[in-house]
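Student: The structure under discussion is supplied below as structure tokens; questions concerning it will follow.
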Amino acid sequence: MAGGGPVASTTTNRASQYGYARGGLNWYIFIVALTAGSGGLLFGYDIGVTGGVTSMPEFLQKFFPSIYDRTQQPSDSKDPYCTYDDQKLQLFTSSFFLAGMFVSFFAGSVVRRWGRKPTMLIASVLFLAGAGLNAGAQDLAMLVIGRVLLGFGVGGGNNAVPLYLSECAPPKYRGGLNMMFQLAVTIGIIVAQLVNYGTQTMNNGWRLSLGLAGVPAIILLIGSLLLPETPNSLIERGHRRRGRAVLARLRRTEAVDTEFEDICAAAEESTRYTLRQSWAALFSRQYSPMLIVTSLIAMLQQLTGINAIMFYVPVLFSSFGTARHAALLNTVIIGAVNVAATFVSIFSVDKFGRRGLFLEGGIQMFIGQVVTAAVLGVELNKYGTNLPSSTAAGVLVVICVYVAAFAWSWGPLGWLVPSEIQTLETRGAGMSMAVIVNFLFSFVIGQAFLSMMCAMRWGVFLFFAGWVVIMTFFVYFCLPETKGVPVETVPTMFARHWLWGRVMGEKGRALVAADEARKAGTVAFKVESGSEDGKPASDQ
């Protein structure tokens, strides 16, 4: 979804030499991961809670009376596609992402200069303040200001938390713990949907729904005070002794010299590039494939239409005549499918590769969008706003198929792949670019979807299906497989690609030539050593 956040990807060739018991996995790592992962709950809870409260009559009556009046009209006198079309209602949803995009322009610099832990602390305070304002909102302005503060908090958290998890995780389990952030987002969504279902009949239940967003913020706030800073951040900022002590604490052993040396070497390399230099490198011809692919994946992730579904699915079902409690229950079912499918991604991403999941997910999402459009186009023309329960159940099943496809493909991979193709030179700017573009298009979709549905009717689902076709072809023809690719070989991987090699021009050809020379030297060494595998030949 807007779901997720940047994932730091670091490849260490000596990781197999660290020799930690159980690969470095221990109870302390679990506590660190669970506490820091509450940053994902912040994001997920906000995504999940928004659509539910906008379908609650008390909320609409207080802040959006014109929409409330439309919902009370007889079913045969209202247009099911336009009942909730209102720019102010869409601003309530989308202002969150506009604020997150603004923060992302400088969040990378704050994370690098101040550290991951202080950034998480600031993010949790901002989110807590936003939750408080929303819970106590007396008018639309107060509501939107609260949403902006929530966006500031998530914008900072999405830049810091995944990086924190990655740098604390043992190398052997780094990929799995990185994906845990996306899992936390999906859990946050379903928790919010369950809260909405429970508060729908309460007096001012929407206040409780919005206010409970403060719970994960409090967890992250306490965790930010108690958890250690990451070894990488401490070492980058010149605190090597403290960095080694934290590393030993995380690994539950003093035998951390090899990993400590690797972190020091990586930190030394990364500090060679300021954030300004990182942005300059990203926009150079040599790294233009990373810029284009990162930006397109971030944009296309939102053009799947997932956030339109997650934000507005209760509104969608309510518009088609489903009872409010049933509409909210449908969101819980969709949220459960979202969580289950994310587990599929965690366990299959390193088995089937990134391209395989992208392609399968694209085909499945396309089918889901087209079938949804066809069913609504036929059935709404026949029944208006009183869809039969069997038809509503069929739409729910198709949406679940679509959401599952997203959750094991474009959801987590939309963040993972951009992180894997960033070199040391471009990492800071590249991941900021991913967040900025993602939040920008989340804002656009959030602000436009209800108006698009009113204007395009069932065709809005074909609009997103068309984009799914484009992104699937993009993956097939333009995206190299990044599974297991060391970060230092990423530019060469793009230089060998049929399209990106042309984009990189002379720089790309030079990289390929250097790689061929290196390989030729390795082969020559193996031949001279008397063995094809590079080991000394045995005496006969």
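Cβ coordinates come from backbone N, Cα and C, glycine included.
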Student: Do D139 and L234 end up on the same side of the membrane (judging by the domain labels in Swiss-Prot)?
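Tutor: Swiss-Prot topology: D139, L234 on opposite sides of the membrane.
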Student: Run the contact check on the transmembrane segment (208-228) against the transmembrane segment (125-135): 3 or more C-beta pairs under 8 Å, excluding pairs closer than 6 in sequence.
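Tutor: Since 3 or more Cβ pairs under 8 Å link them, the transmembrane segment (208-228) and the transmembrane segment (125-135) do come into contact.
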Student: Where else in the chain does the topological domain 'Extracellular' (318-326) make close Cβ contacts, counting only residues six or more beyond its ends and a cut-off under 8 Å?
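Tutor: Same-chain contacts beyond the ends: 55-57, 71, 75, 80-81, 83-84, 197, 200-201, 376, 380, 383-387, 392, 395.
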Student: Under 8 Å, at least three CB pairs between the transmembrane segment (297-317) and the transmembrane segment (148-168) (pairs 6 or more apart)?
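Tutor: Between the transmembrane segment (297-317) and the transmembrane segment (148-168), contact is absent.
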Student: Hey, does the transmembrane segment (327-337) touch the transmembrane segment (436-456), meaning at least 3 C-beta pairs closer than 8 angstroms, sequence gap 6 or more?
Tutor: no
